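For reference, the structure discussed in these notes is given below.
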Amino acid sequence: MGTLTSVAFAAATNIRFRTFHCNLREKIKTPMPKVTSPLRERYRFSSPEETRGFKAVVKCLGNDQNDSRGIDGGENRDTKSSVIRDSTVETASREEEDADEKSNSSSINEFGSDKTPYVSSRPSTESPIDPTYSSFQIDSFKLMELLGPERVDPADVKLIKDTIFGYSTFWVTKEEPFGDLGEGILFLGNLRGKREDVFAKLQRKLAELTGDKYNLFMIEEPNSEGPDPRGGARVSFGLLRKEVSEPGPTTLWQYVIAFILFLLTIGSSVELGIASQINRLPPEVVRYFTDPNAVEPPDMELLYPFVDSALPLAYGVLGILLFHELGHFLAAVPKKVKLSIPYFIPNITLGSFGAITQFKSILPDRSTKVDISLAGPFAGAALSVSMFAVGLFLSTNPDAASDLVQVPSMLFQGSLLLGLISRATLGFAAMHATTVSIHPLVIAGWCGLTTTAFNMLPVGCLDGGRAVQGAFGKNVLVTFGLSTYVMLGLRVLGGPLALPWGLYVLICQRTPEKPCLNDVTEVGTWRKALVGTAIILVVLILLPVWDELAEEVGIGLVNTF
């Protein structure tokens, strides 16, 4: 009974499958309407091998035995998939007809010796998929096509190439993909004039031809075999759609996240102010924060009386952070560059790691990148130096003795430059002790300068990384970045703060900034000198005072530690 039932079920299934497949063949044989869309141009291949391989991939994707999604007869199909099938359906249909004739000639009915009109969907003499393609690559191609950024219209590429480029500007010899996902076109060729003049002329012609649809980039030619005969690096021109190349607007959630981070930064700044009064705090609180074996937290209400005295220091730290961001925005306004809202990153040791501020516009040139990148650190450093200097002056004034706080003298060993300045101002007797009496402004200025120096490290898209990339190029930034990571890893820079700062950079700021519209024209000598001087000062601030020098000049009691 079970055998008869199985045979009957198999027969019914086979009949239904043959009927479905015959209908499918009829649909494939029916000529499809031609789709006139620029998307068709994307699937042109440069060689017959690529064409045959891609047709085999499309045919395999349409195989109803290998892929349950199959061919649905044209209903509920994505537009881009329809274009692909339209361009290859005639060849696939002819190949299936030949394979079906061979299959039908050798088919045997399982119920007898008569032949049945069973149709095989796979040719028996050839592989349905080119061996150079894998199923993972096929799925990746389809996913990138559906979810990836909008590509440059091939019809526009031909029009732009034939119209704005030429003998008098830039003679195009080759085209390559451009952009993070190859969504743009990179024109390679020979420059026929001064690069700045040619770029301005090409931008003007592109705007007249396509309006506000595309952005044109002038970059150094990748993998160039040599410099330009006229001097400097060889250049090429990249084309991207406006909506792809320009950053998106700030969303509501980003405003919410920035506000929450700012509140947390206020809390960490107040905590820094409380920690600066460590010699006045209750012993159980100090023990909890300094003893690694302490487990049970103390009653936090014991800290409430110290909040009021911590606010001036918190105001100073927050003021430096806001002044830093104000410098960025004031430098960006004349250049007509939009910036995102700052995302402050709290830190319990310095009050804050600084802030992440993104460019919301494409920068016109490298000089603009340098100017905006340096404006923030210079503004924050100016206010920090003022607080540090005034704090040292008040620390030596007897009238301000009631406002002074006691800090461990070993803290001054954290910075070679600031430690030596403090030693020269406060004197040997004051510094060569277990604790040092200083004004809270010294702490605010010290933390501000340290935070500014960390943000000026030449790595990633930190302010220092952007400035070095704009002044010396991306290749120099890569070299500087690797050196910075090594020195942070060895704690040559930053001391105990090197590890958390290195992790912060790796997580949040490791990617270099995107290229400018004109990413070839170099900046002036004075900008390069300014960036170089800033990097030297950063090293002097973040380089700790080694024990031998500290003992010689009298910064702390080294032998007691």
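The backbone N, Cα and C atoms fix where each Cβ goes, glycine too.
Keep in mind that TrEMBL annotations are predicted by a computer and have not been checked by a curator.
Per TrEMBL, the range carrying the annotation transmembrane segment out of 7-27, 343-363 is 343-363. In terms of C-beta pairs under 8 Å, the stretch of 252-274, 375-395, 407-426, 529-546 lying closest in packing to the transmembrane segment (343-363) is 252-274.
The list of residues near the transmembrane segment (375-395) in space but at least 6 beyond its ends in sequence, with Cβ under 8 angstroms from a Cβ of it, reads 316, 319-321, 323-328, 330-331, 357, 403-404, 418, 421-422, 425-426, 437-446, 448-449, 451-452, 455-456, 463-464, 534. For the transmembrane segment (438-457), same-chain residues at least 6 beyond its ends with a Cβ under 8 Å from one of its own Cβ atoms are 272-273, 276, 312-313, 316-317, 320-321, 324, 350-354, 376-377, 380-381, 383-392, 394-395, 400, 403-405, 407, 414-415, 418, 422, 426, 463-465, 467, 484, 493-494, 497, 501, 505, 534-535, 537-538, 541-542. Long-range contacts of the transmembrane segment (529-546) within the same chain: residues 370, 374, 377, 412-420, 449-450, 453-454, 456-458, 464, 467-468, 471-472, 480, 492-495, 555, each at least 6 residues beyond the stretch ends and with a Cβ under 8 Å from a Cβ of the stretch.
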